[in-house]
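**Student:** Okay, handing you the structure first.
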Ligand SMILES: NC(=O)C1=CN([C@@H]2O[C@H](COP(=O)(O)OP(=O)(O)OC[C@H]3O[C@@H](n4cnc5c(N)ncnc54)[C@H](OP(=O)(O)O)[C@@H]3O)[C@@H](O)[C@H]2O)[C@@H](O)CC1
Ligand SMILES: [K+]
C-alpha cells in the first residue's frame, strides 16, 4: 500500500525525530537524497548547468544543500534568491563554499540551465505562487530545462491537491519522509511528474490520510473460487439498469459485472433482449427488482432514465447497493442514510456537484474535500470518478486514490462498465471501499491495456478487465 500523510502529521514526526538527531541532520538526509536523484536525472553531473530557485524557508535550504553537493561534483550551480535577507544561511554558505554562486542574471541563467530545482516553497506554502515566484516558474517552464520540485511543486496545496493560483509544473518531484496527499490527487498530481520518495527515517502513524492500492494489495482482495464454490456461493449480482432509450448502458454494466468475480449476473429491466443477445449467460427478469430472486448485491442506475420506482425498490433491499448515473439523481438522501446494508455511490464530478449543490468546477478543484463531504452527507461510501479516482467511506478512514487512471477512460459507457465490475466485487463479498478501489484499479489497468496509446470504447475496457485481472494476480 502506498500511503500519504498530511502536513501536520509529517511535521509532528519530523519534530520527534529531530529531537533525537544532531541539528540539521534531517535536512542533510533530504538534501543527499535530492542530490542523488538529480545526479541520476542529469546522467553527467560535471559541467551541467543547474539553477536553484530558493524561497525563504527550509524548502530552499534543501535545494541549497543539494546544489552544494552537485557543485562539488562539478556542476555549475547558480541560485536565484526570492527573499535574499531570509535565505537559509547554512545552505547558502555551503553552496558558496562548494563553488556555487548567486545569480546576477536570473533570466539568462534559467534559459541556459539543464536542470532547475524548485525550492521556492514546500509544506510551509499557502496558496498559489506570489508574482515574482510565478514569473520565475514561468521562465523555468519556457527554458526547456528539466524541472525538479523539492518536496512538492511550489504553489500546490500539500494536504488537498488543490491548485488555487500559479504553481510550478515539475517533470519530477523528490519528496521527503512521506508522500503528501497533494502529490497523488488532481489537479496537483498533474504537476508533479514522476514522484520519488526519500526515506529520512520518519516514524509515521499506522493510519494514513490517503492510501493507494498497489498490485499486491489488489491481488489479495480479488475473489478466487474454491473447490466447494457454486455460482450462488460466489455471489449473484443484480443489475437494474438500462431503458428502452438506453439499452446499451445495461449491456455495458452486465459486461463489467460478468468480469468481476460474481458467480452469476441477474439483469432486471426493459433492456433484457439486448442483454441476452450479447450475454446469453445473464439471468433476466422483467418485473420489479424485489421479485427477481436472491442477489448478494445490486447495481442501480446506469441508463435508467426516470424510473424512480426501480431505484426505490433496489434501495429497499437489505444487501449492498451501488448507485450510479441516473440512480444518483433519483435516490433519496434520507432513504440512503437510513439503509442498514452498505451503499456505494459512484458519481463523476458533475453528478457529485449536483448532489452537493455546488458547481462542477468546485468539485474538480477540491476533489478530496468533496468526496469526504459526500460520504458524510449520505452515510455511504463514495467513489468520485476522475483521472485520480477517489474512494471515501463515512467516518474519516483513509481515502483511497486510484493509481491506474488514464485519460483514455473518459469515453462514453466506461462508467457503466465500472459500476458492473464494482457491483460484482460487492456481491463476491468485498467491503464497499475494497470493491470500489479494486474495481477502479482493474478498470484503469484494463483501459491502459486495451488502449496502448490508441482510443478505446467502453466494450474494449470491459474486455480488457480479464487481462488486467491476470496482470494483477501475476504481480
Ligand atoms: N522540518 C524538517 O525537519 C524538514 C523539512 N524539510 C523541508 O522543509 C520544508 C518546510 O520548510 P518550512 O517549514 O521552512 O517552509 P517552506 O515550505 O520552506 O516555506 C517557507 C516560507 O515560504 C513563504 N511562502 C508561503 N507560501 C508561499 C507562496 N505561495 N509563495 C511564495 N512563498 C510562500 C512563507 O514565508 P513568508 O514570506 O510568508 O514569511 C513560508 O514561511 C519541507 O517542505 C521540506 O522541503 C526537509 O529538509 C526535511 C526535514
Ligand atoms: K518546492
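Here the Cβ of each residue, glycine as well, is placed from N, Cα and C on the backbone.
TrEMBL: automatically predicted annotations, no manual curation.
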**Student:** Pick from 357, 415, 420: which one does TrEMBL list with 385, 386, 387, 388, 389 for the same AMP site?
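**Tutor:** For AMP, TrEMBL names 385, 386, 387, 388, 389; of 357, 415, 420, the listed one is 415.
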**Student:** Which of 58, 118, 151 (the binding-site residues) has the most other Cβ atoms within 10 Å?
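**Tutor:** Top count of Cβ atoms within 10 Å goes to 118.
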**Student:** Under a threshold of 6 Å between Cβ and any atom of ligand 1, which of the binding-site residues 58, 151, 385 are retained?
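**Tutor:** From 58, 151, 385, counting a Cβ under 6 Å from ligand 1 as near, the near ones are 58, 151.
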**Student:** Could you work out which of the binding-site residues (61, 386, 415) has its C-beta surrounded by the smallest number of other C-beta atoms within 10 A?
**Tutor:** 386
**Student:** Under DSSP, is residue 123 ((6S)-NADPHX binding site) helix, strand or coil?
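**Tutor:** Once the DSSP labels are grouped into three classes, residue 123 ((6S)-NADPHX binding site) ends up as coil.
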**Student:** Under 8 Å Cβ-Cβ from residue 387 (AMP binding site), six or more apart in the same chain: what's there?
**Tutor:** 186, 189, 190, 405, 406, 407, 409, 410
**Student:** Excluding 59, 118, 154, please set out which residues of the same chain place their CB within 8 Å of the center of the CB atoms of the K(+) site, keeping sequence order.
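**Tutor:** My list of surrounding residues reads 53, 55, 60, 63, 119, 120, 121, 122, 125, 149, 150, 151, 152, 153, 168.
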